[in-house]
Every structure is written in structure tokens, then in C-alpha cells.
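What TrEMBL lists as active site, schiff-base intermediate with substrate is Lys196, Lys248. Taken from TrEMBL, the feature 5-aminolevulinate 1 binding site applies to Arg206, Arg217. Annotation source TrEMBL lists Mg(2+) binding site at Glu233. The 5-aminolevulinate 2 binding site feature in TrEMBL is assigned to Ser274, Tyr313.
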Amino acid sequence: MFPSHRPRRLRRTAALRRMVSETTLRPEQMILPMFVKEGLTEPVAVSSMPGVLQHSRDSLRKAAVEAVQAGVGGLMLFGVPEKHDAVGSGATDPDGILNVALRDVHSEVGDSTVIMSDVCLDEFTDHGHCGVLDAHGNVDNDATLEIYAEMAVAQARAGAHVLGPSGMMDGQVGVIRGALDDAGFQDTGILAYSAKYASAFFGPFREAVDSQLKGDRKAYQQDPGNVRESLREVQLDLAEGADMVMVKPALAYLDVIRATAEISDVPVAAYQVSGEYAMIEAAAANGWLDRRRTITEALTSIRRAGADIVLTYWAVEVAGWLREG
Ligand code: PBG
């Protein structure tokens, strides 16, 4: 007559629920992506990402210190240059905005956090693609790799602890690993954007980096319908020496995170991208979702799927909530 099994027993009090909770969310598991724009004297709001700023060099330093004090696991820096050109010269220039910002942040916070940087040309090119173009206007994989190698060494020299190649060029992890080793940066790590999809969820990021892109990235980023292909990408990156692998976006790709976690023998990261941020902020601003509960649930789900580390624009705020308990 009565149920012989009562799972609700373990949900009865907050103490019971806490005791049997399977998934943790801790500040050190979260990485804060940050934007710094050349020539700014004051930070500029990114309208499609309420609460996110394009930093000036000065405000970046301060925000980096605040993030470290909040206890986040690391910072991922993106640079926005004043001038763009066909080959993304600002990316390899030691005085380019991203390299300058890395030196600033490193001198401010040193080894007290993990300083990461984006290895990709899209922020620096006048066509907005992640690599250089060939005579037919296609992204030239191998010519791009040569630039990534130079860009990676410049970032390591500027103080990045971990580099995040995000351009989805074939062989990028191996080429960057080789270049770092040759330049004496054997200890600089690589967080490979291994499974990165040609996603509409990157929309607001385009505003954040003043992207010049017309068209799309379907010839190098993955088809959202594919998962077997992701596992191939992950395996290749592991073979090429990735220290960590990433799936991106996160919430619409929880199955890919799970599948990656099952085959990876290195830590798995997931990137809760700009569109995931914008959706929740917009719904919360309309009073349609409980902001804090929704953010916490989304992050917990990404962790439950198998991500050890989550890149999230809410890292500092959530770290504060976790401290409050
Ligand atoms: C490429 C890069 C992108 C993002 C991170 N690195 C844009 C793209 O691939 O189009 C997107 C991050 C986000 O949407 O929050 N440098």
C-alpha cells in the first residue's frame, strides 16, 4: 500500500540535503574572463552583457586584484586593440594590448592566481576571423599556426601561466607546445579549447571585443549537431600535449562535457559563454527568472556534467555568494 522506498527522507532538512549533495561549486573552480581595450581611460560597459566591462589598463589591474581577493581560480584575458589589420599584428607585438595587460596583471597579482590568455587572432584582424586568410579568402590553417606560435611565446613572456588557444586550427596545440618549449617556456601550460562549436551563443562576445566579423566560423568551428567529432578533437589535443581541455559553450553542450570527462585524463573545463550570461541576465531583469538561483543552478549543472573548471562572467559574484554560504 505504502511506498517501500522513500528518497524524500534524504531531502527533509537542509542538513540532510547538504550531507548528500553530490556536486560542489567552489570559487577556485571558476575562471573570470576579462576584456581590456587599448586606449581607454575609463572602462566601458558591454550593453549586451550587463555588468561586464571593457576595461582600461588601470581598471583591469584593480578588477584583477578584486577577483583574486574574491578567491576565483583564475583569470582569462582578452585584448581589444585600437587598430586591426589583415594579419592581426597586435597579437604578436610585445606592446600589443593583450601582452601589455598580461604584464600589468602579472605585476599586480603575480602567482597568487592563474593568469590565462586567449591565443586567437579574431580580436586583432580586420576581417574578424580567427586566422589569416589565403588568396581565396579562406582561413589558412598552417599560416595561422606560425602566428599562433609567435603569439603564444609573446604571452608566455608577458607572464601568462596558461594559454588558451581558441581558434580551432588543426595542430594548434602541438605547434604552440613546441614553440613554448623552444623558447624556454616548458612550464607554461595549455588549456585547449578542444570542442568549440560554431555557436550563436557567442553573439554578445562580438560586442565585447569590437569584432569585425562578417559571415561565420563554420569552416573551422564545429557543427552543433556533432559529438563524436568532439571526442576526436579532444584526443588530438591530448596527444599534442594539452594540459587541460575545454568544451564551449557549456549549457547547451552538457552531453559533450560528460563525454569529454569520460575520456580525458586531464582536467576538463567548460566555458559558460556570453550568450548564456546574456540570456539569464535579460530574463532576470524582466523578473522572469530568479537571478541568483538560476545562475547557481546553471553552474552546478555544468559541474555535474563533468567540468572540473568553469569559465564564467559571474565568477566574482558567485564566489561572494559561496562565501556567504
Ligand atoms: C575566440 C573566442 C570567442 C569566444 C572566446 N574566444 C569568440 C568566437 O569564437 O567567436 C567566445 C566567448 C563568449 O562568447 O563568451 N577568440
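For all residues, glycine too, the Cβ spot is worked out from N, Cα and C.
Just so you know, TrEMBL annotations never went through curation; they're auto-generated.
Annotated features taken from TrEMBL, shown on the structure.
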residue	record	DSSP class
Lys196	active site, schiff-base intermediate with substrate	strand
Arg206	5-aminolevulinate 1 binding site	helix
Arg217	5-aminolevulinate 1 binding site	coil
Glu233	Mg(2+) binding site	helix
Lys248	active site, schiff-base intermediate with substrate	strand
Ser274	5-aminolevulinate 2 binding site	helix
Tyr313	5-aminolevulinate 2 binding site	coil
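Listed recorded positions near Arg206 (5-aminolevulinate 1 binding site): none (candidates Lys196, Glu233, Lys248; Cα-Cα distance within 10 Å). In this structure, the C-alpha atom of Arg217 (5-aminolevulinate 1 binding site) lies 17 angstrom from that of Ser274 (5-aminolevulinate 2 binding site). A Cα-Cα distance of 23 Å separates Glu233 (Mg(2+) binding site) from Ser274 (5-aminolevulinate 2 binding site). Just so you know, of the recorded positions Lys196, Arg206, Arg217, Lys248, Ser274, the Cβ with the fewest other Cβ atoms around it within 10 Å is the one at Arg206. For the pair Ser274 (5-aminolevulinate 2 binding site) and Lys248 (active site, schiff-base intermediate with substrate), the Cα-Cα distance reads 11 Å. Calculated from their C-alpha atoms, the gap between Lys248 (active site, schiff-base intermediate with substrate) and Lys196 (active site, schiff-base intermediate with substrate) amounts to 5 Å. For Tyr313 (5-aminolevulinate 2 binding site), applying a Cβ distance below 8 Å and a minimum sequence separation of six or more within one chain yields Leu32, Pro33, Met49, Gly51, Val52, Gln272, Ser274, Tyr277.
The local packing around the residue listed as 'Mg(2+) binding site', expressed as other Cβ atoms within 10 Å of its Cβ over all shown chains, amounts to 23.
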